[in-house]
Amino acid sequence: QGPFGPGCEEAGCPEGSACNIITDRCTCPEVRCRVYCSHGFQRSRYGCEVCRCRTEPMKATCDISECPEGMMCSRLTNKCDCKIDINCRKTCPNGLKRDKLGCEYCECKPKRKLVPRLS
């Protein structure tokens, strides 16, 4: 998912990539493409490079003023992404809660209630 969707531990990752448990974001597989692209490769909705050329150069960095409050400009994807709270020392068995933008904050998710399945 993009920066506004659930993290990869909850939503999974596309084929060929893995979930980084520290950032809760998908890591991108290496692009193996025999095409030279003067402006670099296009990116998928996950922010991973794909074997298609960009038609114009990518901006050096996105503008922080373009990002909603509580988010930052990612140099990797040139998109607004969640800030990671490096001061949060909580160990949460069900993960951290997320705000309305899909960003984690330093509060544990409650225990999941088990609902019996009907046969």
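Every residue gets a Cβ built from N, Cα and C, even glycine.
Annotated heparin binding site per Swiss-Prot: LYS97, ARG98, ASP99, LYS100, LYS111, ARG112, LYS113, LEU114, VAL115, PRO116, ARG117, LEU118, in sequence order, evidence recorded as sequence analysis. What Swiss-Prot lists as disulfide bond is CYS8-CYS19, CYS13-CYS26, CYS28-CYS48, CYS33-CYS51, CYS37-CYS53, CYS62-CYS73, CYS67-CYS80, CYS82-CYS103, CYS88-CYS106, CYS92-CYS108. Under the heading domain 'Antistasin-like 1', Swiss-Prot lists 28-53, citing sequence analysis as support. Taken from Swiss-Prot, the feature domain 'Antistasin-like 2' covers 83-108. Under the heading pyrrolidone carboxylic acid, Swiss-Prot lists GLN1, citing experimental evidence as support.
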If one measures from the C-alpha of CYS28 (disulfide bond) to the C-alpha of LYS97 (heparin binding site), what distance in angstrom results, rounded to a whole number?
25
Just to verify: the residue among CYS28, CYS73, CYS80, CYS88 with the fewest other Cβ atoms within 10 Å, which of the disulfide-bonded residues is it?
CYS88
Nearest to CYS80 (disulfide bond) by Cα distance: which of the binding-site residues LYS97, ASP99, LYS111, LYS113 is it?
ASP99
Other CB atoms within 10 A, centred on CYS103 (disulfide bond):
21
From the binding-site residues LYS97, ASP99, LYS111, LYS113, pick the residue whose C-alpha lies nearest to the C-alpha of CYS88 (disulfide bond).
LYS97
Return only the integer: C-alpha distance in Å from CYS53 (disulfide bond) to LYS97 (heparin binding site).
38
Out of these binding-site residues, LYS97, LYS111, LYS113, which one has the fewest other C-beta atoms within 10 Å of its own C-beta?
LYS113
